[in-house]
């Protein structure tokens, strides 16, 4: 990576500003998945071990008006982080002002402070989300000229707490998580060990057009599953019953199939049901066509076997999007089958591009078998699309 990293700067005695991604799910004030907090620990620990004073920034959820602040405080995160670090985390509970400044100035080497939810600044004119120049400048002024961006999950957004701070400090550097994310995903796409197979699922073709186009140029094969299968089917005149379809994307699907030159591998059967939720019948289709009155909710057994074969010998695999409605046990065989086909390849570099695929791997007990699971759905999608991430572009060159 051609950007400075946290190891390239002297941190001792410095107030170090750090953008982390603590956007964790909360239920009744309790964190239900702490993966993102755990993922940030190596960078935070390194800073405090080097004698730096870590000042952490993160958003949590969406905040548009005063009422949205309810249940969005980072207080539970501060408590969880303190337990994980085995030391106190100073939490002033504000995003600016004398109280915050006093708490920062009172920090000693090796201490950690967490600023309140950066999106609380969105209540009055979206200052955080629209990268308000004054806010970025103010937050930058709270440190000693060093900013560490370790929030891959927001690297595709230009916010005051990442791009804004970066532009107002002497050195803006990457944390370990951001560095690893870029290394795994970018290297997999740009300089893969071959054969390189990409697997794309999820419900909408519209979400993945750019990704499919980019990966058709880079990968040896692109396997398609999930709800978007049926838009590709309909584009070829295959019956899809009541399956999900994007009528306005049929021409796009047709064009992608023509451009693919045989690289796009589609399912050859489906697991179908006579309703999405209150169904009374579930069965496998004979072939590609979905029966009238039914909808496809997972890839079928023949498709699992076909995808298993397509993955044989693969050395690099990037997977983004489940093969079916994996949250329902009746429709998770496709996602499980593809996961198992990926991880059994000898010496494979296997990467999950965040979002629902990461949730599937975690919920279905396969997470530890993958080389890398991305912490950022939107950011990893944009990297797979070949886009430049604003949060990364704003960092200091080596």
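Keep in mind that glycine also has a Cβ here, set from the backbone N, Cα and C atoms.
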In Swiss-Prot, 21, 22, 23, 36, 59, 60, 61, 62, 119 are given as binding substrate, so which of 96, 157, 194 is in that site too?
157
The correct three-state DSSP answer for residue 357 (ATP binding site) is helix
Integer Å distance between the CA atoms belonging to residue 23 (substrate binding site) and residue 208 (ATP binding site):
24
Among 23, 61, 119, which are recorded as binding-site residues, the nearest neighbour of residue 354 (ATP binding site) by Cα
23
Spatial neighbours, same chain, of residue 23 (substrate binding site) - Cβ under 8 Å, 6+ residues apart
36, 58, 59, 60, 61, 153, 154
Nearest to residue 21 (substrate binding site) by C-alpha distance, among the binding-site residues 327, 355, 357, is 355
Residue with minimal Cβ packing [other Cβ atoms within 10 Å] among the binding-site residues 21, 327, 356:
327
About how far apart, in whole Å, are the alpha carbons (Cα) of residue 119 (substrate binding site) and residue 327 (ATP binding site)?
30
